[in-house]
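Worksheet: the structure to be examined is printed underneath.
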Amino acid sequence: MGYQKEKLFNIYFFVIALVNLASSVMMQMFNATIALHMDALGSAASVSGTIISIGAVSATVYRFFGGKICEKRGRRKLMVIGMADFALMSLFMGLTNALPLLYILRVLQMFGYSMASTCASVAVIDVIPQKRVGEGLGYYSLAASAAQAFGPSVALFFYHTEGGFFSVMSGMCFMGAVAVMITLCFLNYEIKGRKASDQWNTSGQENEGKGIWQYIEKRALPAAWVYFFVTLTGSLVTMYLTLFASRSGIDNAGMFFTISVVFMVAARIVSGKLSDRRGVLWAVVPGMLLLISGYMMLIFSDEIHLLFYIAGGFYGFGTGMASPALNAQAVKGVPKTRVSVASSTFFLPMDISFMAGSVLWGVMIDYFEFRLLFIMAAGLSCIAVLLSFLLFSARPKQQRVETAEQVL
């Protein structure tokens, strides 16, 4: 049988993608300026790291329960509440310099971000045809790539105005408010009773399990485990690559990220179609091999600076190939009543690895050379490749789930 194409783009898809873009840009704006703000207040550099880590803990806690809550309360309602909370807490953070209050507001801010992003990731699956879920998620995730490209620049533009950090937070609040209004006006498929998610497996009432399995979808575990290694190694790049470039005398380290975003955008478009038509391994394994190649180039880039920028292309294309394919795999074959829990399960590793990576890599940098850390990142990526073959090989679905549970 040929590959039958179904309509992918609709008004709901674009509204949800816009919410994803707004929340991603807002997050990039905050991350790009919080260290500058703390430095201006005379605080130690570690304070900004603590603020970010506290927010990650808050996001992780909500993400664990968020899928279940989203299924019960509805996507649209929680997206609006989450974005409104994210916007307002950001504004309040711009109005105070008291550190204890900033910590409290950061917890509430990330609670709202996690709520909005979790519900958006579920809602977009509702409106994507099942046979094109990989391709659809590839396009949807372009918003995050775009945010990485211009979010920090927008933040720095606002920061260098007269208002400084308050201008950045006000800009974030405005973006969040716009996203809330557009969501209220146009994202009404649940209100109209459109059963967009009915295209998913709905045969019978699935046993949701007891205890922890109410909040974790077993069928999403294989993709979640592989994604954990992707994001854990990626945290070394996102958090500490600029420090490596500074110590190695590499100019314009930001060009690495610009190059990576360009290649990431191209890869996300290719990855979705490839995983839909040929299977998840055809996207994930090449993506991981590209990541390994990128880390190997970084090992020698302190001596050959050109390799630093080439590695950016390999890193971007590899990440762009693997991430959307794994996301699509996490929700394939999941009953519609569990799609939100599956999506939440898949993104939990991202939050956990962000917390663990900030500590793990940070401590190791104090004792080891970056070269050894890049070797370790390549080694962990090799583990992800082996896990991919183990968990996504042509075996019955139940056996793959049982293997993932044994790992857990």
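Just so you know, glycine gets a Cβ as well, placed from its N, Cα and C.
Keep in mind it's a predicted model, so treat the numbers as computed, not measured.
Listed in TrEMBL for this protein:
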type: TRANSMEM; residues: 12-34; note: transmembrane segment
type: DOMAIN; residues: 12-396; note: domain 'Major facilitator superfamily (MFS) profile'
type: TRANSMEM; residues: 40-65; note: transmembrane segment
type: TRANSMEM; residues: 86-105; note: transmembrane segment
type: TRANSMEM; residues: 165-187; note: transmembrane segment
type: TRANSMEM; residues: 220-241; note: transmembrane segment
type: TRANSMEM; residues: 253-271; note: transmembrane segment
type: TRANSMEM; residues: 280-300; note: transmembrane segment
type: TRANSMEM; residues: 306-326; note: transmembrane segment
type: TRANSMEM; residues: 346-364; note: transmembrane segment
type: TRANSMEM; residues: 370-392; note: transmembrane segment
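Long-range neighbours of the transmembrane segment (40-65) within the same chain, counting only residues 6 or more positions beyond its ends whose Cβ lies under 8 Å from a Cβ of the stretch, are 31, 34, 97, 99, 102-103, 106-111, 113-115, 118, 164-165, 215, 344, 347-348, 351-352, 354-355, 358-359, 362.
Beyond the ends of the transmembrane segment (220-241), by six or more residues, the same chain brings 253, 256, 280, 284, 288, 291, 295, 298, 315, 319, 322-323, 326-327, 329-331, 334, 341-343, 345-346, 348-350, 352-354, 356-358, 361-362, 365, 370, 373-374, 377, 380-381, 383-384, 387-388, 391-392, 400-401, 403-405, 407-408 to within a C-beta distance below 8 angstroms of the stretch.
Taken as a whole, the domain 'Major facilitator superfamily (MFS) profile' (12-396) shows an average pLDDT of 85 in this prediction. Here the transmembrane segment (253-271) lies next to the transmembrane segment (306-326) in space: the count of CB pairs under 8 Å, restricted to residues six or more apart, reaches at least 3. If you count C-beta pairs under 8 angstroms between the transmembrane segment (306-326) and each of 12-34, 86-105, 165-187, 280-300, the highest count goes to 280-300.
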